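Chemist: Quick one: the structure is below, and I'll ask about it shortly.
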Amino acid sequence: MLNKYTWWELVLLYLGVAVFLMFVLAPFAEAFAVSLRPLDGLFNIPYEFITDDMTFENYSIMWKSVPNLALYIWNSFFIACCVTILALICIIPAAYSFGRFTYRGRDGLLAMFLGINMVGAAVLIIPLYKLMLTLGLLNTYWSMIIPGAAFCVPTGIFLMRSYFLRIPKELEEAAYVDGASRLYTLWRVILPVALPGIMVVTIATFITAYAQQFLFALTFNSKDAYKPLPVGLYDFFGHQTVHWNELMAASLVGISPVLILYVFLQRYIVAGLTSGAVKE
Amino acid sequence: MGQLSLRAVTKSFDKAEVIKPTNLDINEGEFVVFVGPSGCGKSTMLRMIAGLEEITSGEIVIDDKVVNNLAPVKRGISMVFQSYALYPHMSVYENIAFPLRVARTPQADVDRLVSRAADVLKLNERLKHKPGELSGGQRQRVAIGRAIVREPKVFLFDEPLSNLDAALRAEMRVELKRLHGQLKNTMIYVTHDQIEAMTMADKIVVLRDGVIEQCGSPLELYHKPQNKFVAGFIGNPNMNFLPATITAISPASVTVKLNDGNECTLPVSGDCKIGDEVSVGVRPADFHSGGNIKVIPDVVERLGNETVVYANTLSGAPICIVTGGMVTMAGGKEIAVGFEGQNAHLFRADGSAFERNVNLNELELTA
Ligand SMILES: Nc1ncnc2c1ncn2[C@@H]1O[C@H](COP(=O)(O)OP(=O)(O)OP(=O)(O)O)[C@@H](O)[C@H]1O
Ligand SMILES: [Mg+2]
């Protein structure tokens, strides 16, 4: 029996999981609690997690105190979607080429892509600014979409490539023998079989795109109309007070697109679409 | 339709020459089986014929047309892969229809052709299923269906049955043979299963290290192997080789002295001289009890219809004997066996065979 544990091993395992989850989820719980309190109830001493004055009021006030909030959330979502689409358009053919063809410099190229990922966007932000300036892209959606996509591509290629590598070569050979062209095979055979992999890459890219907007938006954009949520949240910083409770409420509403997307797409990650392709 | 020739075909991967210059003619409608030990180049040969592997030099000719640079479809071949290679996201119907879809066949024709293929392969009930929901044998039939639907001139099979269990394999073997009878296409079939080779082939091609060792009908290979390798490869259990020295030569026979002192005369002819070191090849089933060769049985396998005895000669050389199922025999007790010279084969030290003076037609009539 490979997975047989004694009761105390099980208790330890669950305890470990619980501690880890606490660590990850505590900020969310705290943010939620804060979002329910009135502003003057935030700094009560001693600290109480649940208090009598909790309401969902902030979730309606926030739209009024920052009228652009809906726009910011939309911008975030829009930019992340564009980044994901643009990145996928680059990732899929590139990963297929890395996974299936042999040519000179292939492995070096792959290593270079991953190397760029290690350097990271923050280090390159000033040269990137210069580039955006030269291209006249500052203060447009593009200034956030293009660098966003660029920094998602390397990881995406790596993930997708390993998925393509797992698809048996015979599948392509069979299609070739039956007269299908490379593109037809890619479109009708490889992509459908790789769908779970594509879903994983889509989700990973979307989440990254959603999370990394802040840096690019802060640096390359100063127009209110194009601001994504992470930058837009600064509007809750008043002259005298910071509306922490509304800010938390807005943040939680802001991350909901990612959660919803995940709920819809996660079954693709689990489903084993490749079953029956080859003899096991 | 379906005449295929290889002319001085070779194949090298980097420096390694995997297929040495090879000539082979395959006639229309023939069922040809490639056999050989693992790594001898059977799959490579097949993939070169298919057009999946470029040939390094030489020519592949199908129906008088050099097809070296043609794509598989243009060559008029289709192939069934060892791993089936079905498209997991498509139904059985779409899997079989795939080559037609590629060729943009009108839907009415697709329906007609797919249902005809499904009829032949008894897959009518399964057309809506996904490959994942089928049994191994059914998947194999879908793969065959995809290959037959566009009516190729030549079929290629790469070990199509090797992953099935023994019973299903026997069943599919018969079905494939029946299919060949119905379609009458040229079929080239790779296997390392001797029984498949012997039962299905019109012509067997024995390969070793990228060289064709012999090519002929199953019984020709069985009764007149051209060298020791083919003799040892065809037939189960393998042929026994007894070292011997030539003592006398006549026009129609050669007399040899076995190392244990027994003499025997074989009706064979060929270049040789007295004193040459040779091997006498005797199939396990050609031994009979009561002779001059003393052996000590080591392991006795009783299969019911026959008994396989793994024994050692007095000098310690291993020897395998097949006798009737009812023979009682215990390990460790010496027995005497013998064989008839007319059933034995004779090989030179370099492995080449002496020509046996047997008439194949007679053998086929009596067989
Ligand atoms: N793509 C390749 N690159 C380099 N060498 C290869 C390649 N494909 C095959 N070979 C070599 O060619 C030789 C023949 O391989 P092949 O697959 O034709 O053998 P086979 O007769 O089909 O064996 P098996 O019965 O195990 O399938 C092997 O030694 C193998 O290592
Ligand atoms: Mg092989």
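Using the three backbone atoms N, Cα and C, a Cβ is placed for every residue, glycine included.
Bear in mind that TrEMBL entries carry predicted annotations, made automatically and left uncurated.
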Chemist: Quick one: which of A:28-50, A:189-211 does TrEMBL have down as transmembrane segment?
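Modeler: Result: A:189-211 is the stretch TrEMBL calls transmembrane segment.
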Chemist: Of the ranges A:141-160, A:161-180, which one does TrEMBL flag as transmembrane segment?
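Modeler: Feature transmembrane segment in TrEMBL: residues A:141-160.
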Chemist: Which stretch from A:72-96, A:141-160, A:247-265 shares the most C-beta pairs under 8 Å with the transmembrane segment (A:189-211)?
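Modeler: Checked against A:72-96, A:141-160, A:247-265; highest Cβ contact count belongs to A:72-96.
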Chemist: With contact taken as 3 or more Cβ pairs under 8 angstroms (pairs 6 or more apart in sequence), are the transmembrane segment (A:247-265) and the transmembrane segment (A:72-96) in contact?
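Modeler: Yes, since the transmembrane segment (A:247-265) and the transmembrane segment (A:72-96) share at least 3 Cβ pairs closer than 8 Å, they count as touching.
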